[in-house]
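**Q** Below: one structure in structure tokens.
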Amino acid sequence: MSTIEFNQTLLPGNYPIPTEHPEYHSRGGRKTRSKGRLWSMVDSLFVALALGMTFWFAGLLLLSGLELHWQSIVLLILFWAVLAYLALPRMHQLFTTLYVPDYFMARTKTGDGLLGDPVNLALLGSEADIHAAMKKAGWVKADEITLRSSWGIVKSSVTGKSYPEAPVSSLFLFGRRHAFAYQQEVDGSAAQRHHVRFWPTPEDWDLPGGQKVDWLAAGTYDKAVGLSTLTFQVTHKIDDDIDAERDYIINTVRFADPECQVAVLDSFSTPFHDRNGGGDAVWTDGNMPVLDVQGAAQRNPATSSQDEAQQAAGATSENNQNLGIDLDKPLPPASLSLVGFFTILQVVLVGLIGFGVWLTNADMSVTERHETNIGIIIAGAAVLVELVLYLLTVRRHQWARLILLALAALSALNDLLALATYDARDFGHFLTAALSLLIVLALTAPEVRAWVNPTKRARSGDLQSLINS
């Protein structure tokens, strides 16, 4: 009888030859948590309702855009925008929840739940070691999305100046957004850049095969700006050879700090050709380099220029805090901020209408004045209730978001029904329905659901964690 030769990836198992006929013994299934199940069921119904209303609205735009008049061009552009930025992303979130597994398979996820960039690098070392190694190698840490970085993006867009620390889009691994990212612009171009995202591995977690690592990373090279072939959104297009970017990251780190060692897990995965969440082709040889940056923080202390920059940033932050402003505080999700903008706009409009009525009160009869005042009071009370519910949602109260969502859904359904029954639709009708629908979509966005429920394993792009909670 031949003997199996074991290597580091094929080990002898604990399977002695049975002396009796084997019997099946189940160890039982894993129990799921039921706490908060009702909240999640209600939430999921609103998600499905929002998706249905979005395609309904897109269909109305398409039908109106097929009519032969000049407005058709505008309506067809609006149809593309609704389809690309609202309907398809939400549909992807729903279906990937059902069909994309949630275990580690060396792929990240996008905010829509699609498979993102492959994980192509593992690291040994602390967070401080990674920061020291990357900065020494000439990489720039990407800013988080805050009030300060948002203002930086605006200034960069208006002035055309480079913003090397610009935030990167969110990708998810182990149910978490990347911890931080580093990037390098190419000739000051915002369209071309090297970038790599980092995730800490869970406690007591090993790579397939048993290798322990501290961090995983996904590095890709942005070569241009274009349309996603999956969602039709404007996005960065990456170079398909992700191994080249992986090797570039390793080589820049080792060139700056030769004491950083590297080993390779050969054939870590099957070499494959695939597409990422933006629809870009990617291919890899399947090898997983393990970069050891342990001790880099001690070998590469911060340079004086970095210290001066940090001190200047600290002084600016201190001055802003004296004014009651924290520019580096994480902002609520953009979707939630959009709801706040429209809510405040409603309050302002009702106030202006009330002021206008007050100016023309003398020209009204007693009955008209009485009816108008009652209408203004009811409208004012309604928008104030919405404002209070919004502020409570920002304070992370789940019940407030659901009540606000129910009110928004009723308003959107009413506007869509009215839009569908109009004999002649104008832009005002479409605008009213679009604003109502935007609020519903914003309140059902995964990042907003996670915002009001931060203790659960909620994450953008993965509705399953919310449904199962």
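Positions of Cβ are set from backbone N, Cα and C atoms, glycine also.
The model shown is predicted, which means the values in this text are computed figures rather than measured ones.
Feature list, courtesy of TrEMBL:
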COMPBIAS  300-321  compositional bias 'Polar residues'
DOMAIN    99-288  domain 'LssY-like C-terminal'
REGION    296-321  region 'Disordered'
TRANSMEM  38-62  transmembrane segment
TRANSMEM  68-88  transmembrane segment
TRANSMEM  338-360  transmembrane segment
TRANSMEM  372-392  transmembrane segment
TRANSMEM  399-421  transmembrane segment
TRANSMEM  427-448  transmembrane segment
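Could you give the neighbours, burial and distances for every feature on this list?
**A** Listed as Cβ neighbours of the transmembrane segment (38-62) (distance under 8 Å, sequence separation of 6 or more from its ends, same chain) are residues 75-76, 78-79, 82-83, 86-87, 90-91, 94, 398, 402, 405-406, 409, 412-413, 416, 419-420, 425, 430, 433-434, 437, 440-441, 443-444, 449, 463, 466-469.
Distant neighbours of the transmembrane segment (338-360): 332, 372-373, 376, 379-380, 383-384, 386-387, 390, 393-394, 404, 435, 438-439, 442-443; these residues of the same chain sit at least 6 beyond its ends, with a Cβ under 8 Å from one of its Cβ atoms.
Same-chain neighbours of the transmembrane segment (399-421): 39, 42-43, 46, 49-50, 53, 56-57, 60, 339, 386, 389-390, 392-393, 429-430, 432-433, 436-437, 439-440, 443-444, 448, 452, counting only residues six or more beyond its ends whose CB sits under 8 Å from a CB of the stretch.
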**Q** By a Cβ-Cβ criterion of under 8 Å, what residues six or more beyond either terminus of the transmembrane segment (372-392) are in contact with it?
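**A** Sequence-remote neighbours of the transmembrane segment (372-392) are 339-340, 343-344, 346-347, 350-351, 353-354, 357, 364, 400-401, 403-404, 407.
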